[in-house]
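Enquirer: Handing you a structure now.
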Amino acid sequence: MSYFRTAILLAGLTGLFMGVGYLIGGAAGAMIALVVAAATNMFAYWNSDRMVLSMYGAHEVDAGTAPDLHRLVAELAARAALPMPRVFLMDNPQPNAFATGRNPENAAVAVTTGLMQSLRREELAGVIAHELAHIKHHDTLLMTITATIAGAISMLAQFGMFFGGGNRGNNGPGIIGSLAMMILAPLGAMLVQMAISRTREYAADEMGARICGQPMWLASALAKIDDAAHQVPNREAERAPATAHMFIINPLSGHGMDNLFATHPSTENRIAALQRLAGQSGSATPDPAPAPRGPWNGGAPRRGPWG
C-alpha cells in the first residue's frame, strides 16, 4: 500500500469518528470528536509503547543478560541504518514478536521466549529484520494511531447508541439512519484498521528481507511461527485482541485466511511474495553485501550476513 492510500484511509477513519460525533451532537459534536481524536492520539503517541510492553509482561534485556539477541539486533539495526532500539523479552511459549515506539529514536523490539527457542539463528534474524522494517517505515506510530482512532469510534458509537443521537432535525438522517451509522461505523473503522495493518506487513516483509539479505530466512520463520500460533495460545493477546495487529503473525487462536476481517495477510501469500523476491534478488547465491561476523557463526563465510 502506498503512503498516499494509507493517508486516505486514516482520513477516512477520522471522518468516521467525526460522523459519529455529528450524529450525537451535530456540528458541535463533530468538532468535539475531532478534538477527542487529537487528544487520544497525543496520549497514545507518548505512552503506547510502555502500555503494550507492560501488558505483555516484557522485560528489557541488554548485552549482559541476552548477549546473542542483543548483538543480533544491534547488527541488524546498523545494517538498516537505524538507532539501536531497546530489546525486550516476553515470557510466552508462543513464538512471536512485535515492534513498538513513536519513532526510530524511541523504538523497542520485543520477542517471546518461544520465538528464541523455536527458530534457527537465520530465521530469528529474518524476524528481527521484519520488526526493524516496521520501525524504519514508522509503522509503529501509524498502527498506534489507527488502533486509537478505531477504538475511539467504537466507544463513541456505543455512547451514542446508549444515549441516542442528538441531531434529529428535519435535515438529519433520522433515528434509523443514526442507529445504522453507529452500528456500521465501528465495523468500517475495524476494516480500515485491518486493511492498513495487512498491507504494512507486506512492506515490512520486503524491507526486512532486504535488511537481513535473505528473503527465505523470513519465509521459513513465518511458516514456523504460523504453525505454532495455531497450537500454542497467547493468553495475553486473547485478553487484548486489539493488539493482535502488532505481532509478526496473528497471535489469536482461530485466525483465518486473507480476508476483510484478518489482522494479517495469509502466511501463504506472504511466503509466496518472499519467494518471488528471493527469485528476483538471486538470494540463493551469497549476499552481495559485505558479510559481518554474526552472533552465532564462527566466522566461516556462509550464505547471507548471518548464516
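Glycine is treated like the rest: Cβ placed from N, Cα and C.
Taken from Swiss-Prot, the feature active site covers E131, and the record attributes it to sequence analysis. Here Swiss-Prot flags H130, H134, E201 as Zn(2+) binding site, drawing on sequence analysis. Marked as region 'Disordered' by Swiss-Prot: 278-307. The transmembrane segment feature in Swiss-Prot is assigned to 16-36, 145-165, 172-192.
Help me picture these features in the structure, burial and contacts included.
Expert: According to DSSP, E131 (active site) sits within a helical segment.
Same-chain residues at least 6 positions away in sequence with a Cβ under 8 Å from that of H134 (Zn(2+) binding site) are, in sequence order, A99, T140, R200, A204.
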Enquirer: Under a three-state reduction of DSSP output, how is E201 (Zn(2+) binding site) classified: helix, strand, or coil?
Expert: helix
Enquirer: With a 10 Å radius around each C-beta, find which of these recorded positions (E131, E201) has the fewest other C-beta atoms nearby.
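Expert: Fewest other Cβ atoms within 10 Å, among the recorded positions E131, E201, is found for E201.
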Enquirer: So how many other Cβ atoms are close to H130 (Zn(2+) binding site), meaning within 10 Å of its Cβ?
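Expert: Neighbour count, Cβ to Cβ under the 10 Å cut-off: 27.
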Enquirer: Which residues, in sequence order, are found in the same chain with Cβ within 8 Å of the centroid defined by the Cβ atoms of H130, H134, E201 at the Zn(2+) site, excluding those residues themselves?
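Expert: Same chain, not in H130, H134, E201, Cβ within 8 Å: A99, E131, A133, D139, R200, A203, A204, D205, M207, G208, I248.
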